[in-house]
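Student: Before I ask anything, here is the structure I am working with.
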Amino acid sequence: MADIPQTPLLDTVHTPDDLRRLAPEQLRQLADELRTETISAVGTTGGHLGSGLGVVELTVALHYVFNTPADRLVWDVGHQCYPHKILTGRRDRIRTIRQGGGLSGFTKRSESEYDPFGAAHSSTSISAALGFAVANKLAGTPGKGIAVIGDGAMSAGMAYEAMNNAEQAGNRLVVILNDNDMSIAPPVGGLSAYLSRMVSSREFLGVRDVLKKLAKRFPRPIQKAAQKTDEFARGMTMGGTLFEELGFYYVGPIDGHNLDHLIPVLENVRDAEEGPILIHVVTKKGKGYAPAEAAADKYHGVQKFDVITGAQAKAPPGPPAYQNVFGETLAKEAESDPRICAITAAMPSGTGLDRFANAHPERFFDVGIAEQHAVTFAAGLAAQGMRPFCAIYSTFLQRAYDQVVHDVAIQNLPVRFAIDRAGLVGADGATHAGSFDITYLASLPNMVVMAAADEAELVHMVHTCVNHDSGPIAVRYPRGNGVGVALPETPELLEIGKGRVVREGKKVAILSLGTRLAEALRAADTLEAKGLSTSVADLRFAKPLDEALIRRMLTTHEVAVTIEENAIGGLGAHVLTMASDEGLIDAGLKLRTMRLPDLFQDQDKPEVQYAQAGLDADAIVETVLKALRHNSTHVTEGARA
Ligand SMILES: Cc1ncc(C[n+]2csc(CCOP(=O)(O)OP(=O)(O)O)c2C)c(N)n1
Ligand SMILES: CC(=O)[C@@H](O)[C@H](O)COP(=O)(O)O
Ligand SMILES: [Mg+2]
């Protein structure tokens, strides 16, 4: 573990109350020590670094000026909250972040009173802060709602829905726009260009500029405060900013690393009688750590790294990552099919579409953090004859559910959903688990839902998505690397709704969907060794089900087990419904469904998580043996566990 840095002043600050007892001139040192500790901690654990480094000064200033936790500080996404956690009583656990049993990598209500709202999915902070603000206003209790939202998160429609509704909060709501001109990738779209113009068209506001603007806007008390300064700054153009048109008082842009500017501005905003106010702070993602500042991604998400050199720990070379198999396969398919285009919602590298973009830039679209728009944009493309691949993580696709139903499924449009991070994802924890997409997709009209059992299957499924002329198709696959099977030279056109028997047996049938297939085969070996002849089928499709294959398995084996990397309501539910409707349960079939829990809080590596979730080979064997023992007289010798 990297040495814990010397931080004499930070050592005395355990809560924001300690911070607020410091003299203003001590805050610079505190910020420097906080940045050093953040770098050291993330060097040990890996995680999100760049965004936290960019808000070190802002974090100090916000807790110094506002009366947290009574003033409810809501971090958007929450990946930048490591400095906030260090200052709010969690420094002793910061080196457990994003690990099994450790701190969450995002804000989490159950962790601290200083985390009033959980996050991880972006663009929720203004709505939540508005909720806190209005609740306090209604109750007549003090306490503001303060949202800190990034320029990337500001590209999502939900942020505008909240701002459009914010007037009612008055001065109870403060929005800090943390503009570092970065999302995970460089930001895209009109808003990004607008913010760049705002920042480049005027110098950073000094305190005098801000006080002058505030003074003009607000009644006497602020003017008095403003007049304390020895001179007024030049006037600012009043109004005209996008945010002012939405009903906010816009203040900025100001230097988000200059405590001498941040603190007086925040103090004046805190005491303003008018509102809501949006403060536009300009920061640098990765600030204060040369390797992060120099990196293209500003060290957004990092492995453990050497603090001195910035060199990240390299994962041993293994099979290709699913995201890259997807991106490269689609890029190859697109060489011969001009209809193919690809859409990401601000995750080009995470989805592997950066590879597609390099090959076909004119057919690649990064729409920003705007999953709802991404899906309906894809629907429009499909309706006009294109073959759009909408690549969105399982968890983030949840945000666009009505667009999937209303704009794609009901209209039976040939949109292709490439659903990465399906199943458990490890360190990102519960908010990023891809536990529900089979449930929320396989009940939709016209929707085809496939799950790749390995990287070769993914290639076949992408090829099938390209060449099968039908309505919507979703293909899901997990975070991480494949299993090491050879990628097919010639991809297969799969028959929709047809699974495959991978192993023939007689007594036990394991019906697998997705990458649990490897565990199913391991379990079959164990069961065979116990004298239990076991079949294994890879169903490939959750919808439409391969009913003929399933019926054969359920009627010729004593025990059948379904297994999927999805919570309840997925494959198992559909097989159970079919078995029940066809009277197979009545006929004495022992059918068990193995699936994820609906809430899985742990953050350990996925293979550890699956064992904890009871979805590995040992759990399959145990499930089968229990089923066989259940009111059964047919237990084969040796089957007793
Ligand atoms: C709904 C949703 N889509 C995608 C993501 C993935 N994501 C996490 S952070 C991030 C970029 C956020 O950019 P910004 O708000 O500017 O914060 P910064 O990292 O620059 O501090 C994205 C796209 C997410 N968390 N939530
Ligand atoms: C904070 C956030 O939502 C993203 O940075 C996410 O953590 C990326 O996940 P992957 O690392 O699986 O791409
Ligand atoms: Mg940003």
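Using N, Cα and C of the backbone, Cβ positions are placed for all residues, glycine too.
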Student: Which candidate from His63, His79, His460 does TrEMBL annotate alongside Ala120, His121, Ser122, Gly152, Ala153, Asn180, Tyr289, Glu371 at the thiamine diphosphate binding site?
Tutor: His79
Student: Reported as an integer number of Å, what is the Cα distance between Glu371 (thiamine diphosphate binding site) and Asp151 (Mg(2+) binding site)?
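Tutor: Rounded to a whole number, the Cα-Cα distance is 16 Å.
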Student: Where ligand 2 binds, which of the binding-site residues His79, Asp151, Gly152, Asn180 are close by, with Cβ under 6 Å?
Tutor: His79
Student: Which chain-mates of Gly152 (thiamine diphosphate binding site) that are at least 6 residues away have a CB under 8 A from its CB, listed by sequence?
Tutor: Ser122, Met182, Ser183, Ile184, Pro187, Ala346, Gly368, Ile369
Student: Do you know which of the binding-site residues His79, His121, Asn180, Glu371 end up with C-beta under 6 Å from ligand 3?
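Tutor: Only Asn180 qualify.
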Student: What Cα-Cα separation, expressed in whole Å, is found between His79 (thiamine diphosphate binding site) and Asp151 (Mg(2+) binding site)?
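Tutor: Asp151 (Mg(2+) binding site) has its Cα 14 Å from the Cα of His79 (thiamine diphosphate binding site).
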Student: In the structure shown, with every protein chain counted, which of the binding-site residues His79, His121 has the densest set of Cβ atoms within 10 angstroms of its Cβ?
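Tutor: Most Cβ neighbours within 10 Å: His79.
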Student: Counting Cβ atoms within 10 Å of each candidate's own Cβ, which of the binding-site residues Asp151, Glu371 comes out highest?
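Tutor: Answer by Cβ density within 10 Å: Glu371.
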Student: Within 10 Å of the Cβ of Asn180 (thiamine diphosphate binding site), how many other Cβ atoms can be counted across all chains shown?
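Tutor: Asn180 (thiamine diphosphate binding site): 24 neighbouring Cβ atoms within 10 Å.
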